[in-house]
Structure formats: structure tokens, C-alpha cells
Amino acid sequence: MVSVAITLGRSAPTSAPVSSCDSRLAAEPFALDAMPGLPAPAPEYGPGASVVDTAPAHTPVQQQIPERYRRMEADEVHARIRAAKDALGDAVVVLGHHYQRDEVIAHADVTGDSFLLARRSLERPEAKYVVFCGVHFMAETADLLTRPDQAVVLPNLAAGCSMADMADLDAVQDCWDQLEAAIGRPLDVPADGPGEDGLVEVVPVTYMNSSAAIKAFCGEHGGIVCTSSNATAVLEWAFARGRRVLFVPDQHLGRNTAKAMGVPAELMPLWDPRKPLGGNSAQALVDARVLLWRGWCSVHQRFTTAQIDAARAADPSVQVVVHPECPQDVVDAADQAGSTEFIIKAVAAAPAGSSLAIGTEINLVRRLADAHPDKTITCLDPVICPCSTMYRIHPGYLAWVLESLVEREAALAAGAPEAELGAVVNRVVVDDDVAVHARAALERMLAVVP
Ligand code: SF4
């Protein structure tokens, strides 16, 4: 039986999530959105919602999908998705993140990691609707990169990302203000006095797994976005421009990348947004090379060196490959570490008969095992918990949004004025004032690593 990691409660950002694997969620997929037993407003969990959601008050919440979708047998759901896709034709492209369950991936026109998918949506200019089976920040990124007349749809607006939620704009702005006070001058203005080196005090770098608002903050302050594939090149770019880097929201990707580049641990203080000066002395902030935000991925933080030891004890020939969102000791102990696409390539490149233990999300690991029956591929984590927020994209939601789009197209074809049809269901739109700066941070990244 599949177990699903759920995190309960609506506690303050960065508090330790209470995680459990609850088999009831596999039996009742829509239970994740009703969250029985949780205090209000949990049933209205909104976009970006997951462990410690702090989505802005104006963000739309996921409405209850019609009862008929909840009651449908799986075969009917899949038949309806296929029929709706056929009816929409080239007007729709369905994107499926690698961490989605098989029943969703089966309907994806393109699969990939978050940024690859967002870019692939650019390759389908004829698609009026981009249905993103991923999480909220991914849909935002796709909206930033697609044309204004293309609508990006997230099948369940409650599919957030616990890591992205750990860095909200107010907390990052507060960090910036405290840093400015500690350092004693504007952080993003190059010093140009005699003998000065022209560097700015702090370059903000955000992982792709962050809200559009955080990307915009970085864009506005001379910063940049990175992915797990290009974090080294992006940090090199940032070090060429600033004395320090503020890396949000994933401490592990920041630490693992900077450590590999030779930055000592004592120059990488952790910023805890719940504490004054992030829990550091002012001098530690002045001396810092990379300031790490206290955020993490609830999936990848689960991996441990004990699991690696157990895998090697069971099979001394096993190759351990992990994602850089894993803690530093896990990355250090692994044979290889890299992005989702890196892991896929590492498995493909391993010779037949190889044994690989993978430290990443279980749906991807399972598909890799299915795709490579000549190799033994296992997940490092014996509890096997998928990403609980990715799990919110149930095929029922996909059927619902696609059929809504079919109805919309039928009404347009019948001559209904678009203005009378209302908004596209579950459309994710980044406000223009945010988008302009978020795109600046993304474009800097693309200039560094095309
Ligand atoms: S796997 Fe981790 S980083 Fe990715 S969406 Fe899930 S919680 Fe967020």
C-alpha cells in the first residue's frame, strides 16, 4: 500500500513540520483537501499551501470540485481526461513533473523538472492552455515565461510546496533590513569609494522553488534565480558581484553547492527568520560569505546517512545517488549528487546489472526502476513517502479542469463573448508588478546558463 507523507497543522514558517505517513490518504485522495480534524481554515488551504503556508490573503483558494468527480471510478476519470484532451487538441498542453503519480504522468504531453517544463511550454505557442501538473511555484514560473494570452492552469490550487512556503516576502524583507542595519550600508549598491572593489554587500539568490514574489525580490535587488542544475554557475556569478550571498529558501542546496566551491562552513551562517539577526551575531553576518535561509524540502530532508549505510550493508556494490536538497552529510556520503535530470541520466548511464539506491522522490524512483528492469533501483528511504503537495494533483482534478476548458471552448465556438465566461478555472496569474522583477531574476539566470 502506498503511504503518503502528510504534514499537519498551520504553524508558523520554519517550525518543524509534523510529518507522518497516513495510508488513509491513498484510500481517499480528496481527503488531503478536506483535512478532517484540522482547525479552520485548513479545508480552504490555498495555493502554495502545505506545511506552513503563508499565502497572501488575496490568493484564490481551491474550490470543492463537483461531487461527481469525487465519486468517479478511476477508469471513467481516465477516459474523460483522454476525451477532453482529444477535444481540446493543440489548444492544450499537459505538463507533468517527475514527482507526479503515474496516473497523472500517463496524461502528460511532456514530463520534466520544474524549469524544463516551464521552458517546454514555450515550445507550444499554439497551446492556449498550459495545464501544469506540478505545484504552485512551478505554475507561476510557467506564467512568467509564457505569453499573456496563454493561460497556465494548476489542477488543484492547494498544491503548494512546503519549501517555497518557508520563505515568504515579509520574512525575506525583514532579513534584508536587519542585514542592512548590521552591515551599515545599502546592500545592493556597489561601493565606489577610493580603494573599494565595486562589489555590492549582498546578492540575493533564490532557488527556483520559491514564490514569484521572492523571485521578484531578488530581481529588484540585483539578484538571480538558480536551479539545482546550475547553482554552481549562478553562485560564481553572484560571487563576482557581491561580498556575500543570501541564499533562499533551501539551506541544503545552498550549503552543498557553496561547500563544493570551497566556502567553509563557518562562513555560512543559517538565518532563522524567527530569531533576531536570524539567530546570529552581527559580526557573523558581516563575516558571512553565504547566508543560508532556514528552509528545506520535506521530502529530501528525510534522507539520512544511516539509510546509506544500510543500503551499502545490504549490497556493497550499490551506487548511492542523491538530490542536492538532501542534508550535507547525506550528499557527502553519497557516490553522486545532482538534480532530478542528473539522477535520471546517472541511472541511464549505469551499466546493466548495476544496483543504485536513489535519494529523491519515490514516484520518480519507481518509474526509473520500471524503465530500467536490467538494473536494481531502490529508494534510500524505506518509509517511502511521496511529495504530499504534488500528491494533491489527483486525476479527478485534471479531469475537472480539462472538462471546464472543453466547456469554455464550446461556449466560445457558439459565439459566447469571452468576457461573459469568467476566468479560466484555476488559472495562475502573476501580477504585472511582481512579474517584471521576477522575470529580471530569471533572465539573469538564463544569461548565465542559457
Ligand atoms: S519535492 Fe520538496 S521542493 Fe519539490 S515540491 Fe515537494 S516539498 Fe517542494
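From the backbone N, Cα and C atoms, a Cβ is placed for every residue, glycine too.
Please treat TrEMBL annotations as automatic predictions, because they have not gone through curation.
When TrEMBL records HIS97, SER114, TYR207, MET208, ASN209, HIS323, PRO324, GLU325, THR340 as binding iminosuccinate, the matching candidate from SER228, SER229, SER281, SER298 it lists for that site is SER228.
For the recorded site, HIS97 (iminosuccinate binding site), the DSSP three-state label reads strand. For HIS97 (iminosuccinate binding site), the number of other Cβ atoms no farther than 10 Å from its own Cβ, over all displayed protein chains, is 27. Among the binding-site residues CYS161, ASN209, CYS297, HIS323, the residues whose Cβ sits under 6 Å from any atom of ligand 1 are CYS161, ASN209, CYS297.
Checking each of the binding-site residues HIS97, TYR207, ASN209, HIS323, GLU325 against CYS297 ([4Fe-4S] cluster binding site) by C-alpha distance, the shortest gap belongs to GLU325. Rounded to a whole number, the distance between the Cα atoms of CYS387 ([4Fe-4S] cluster binding site) and HIS323 (iminosuccinate binding site) is 14 Å. Scoring each of the binding-site residues (CYS297, GLU325) by how many neighbouring Cβ atoms lie within 10 Å, the top position goes to GLU325. Between GLU325 (iminosuccinate binding site) and CYS387 ([4Fe-4S] cluster binding site), the C-alpha separation comes to 13 Å.
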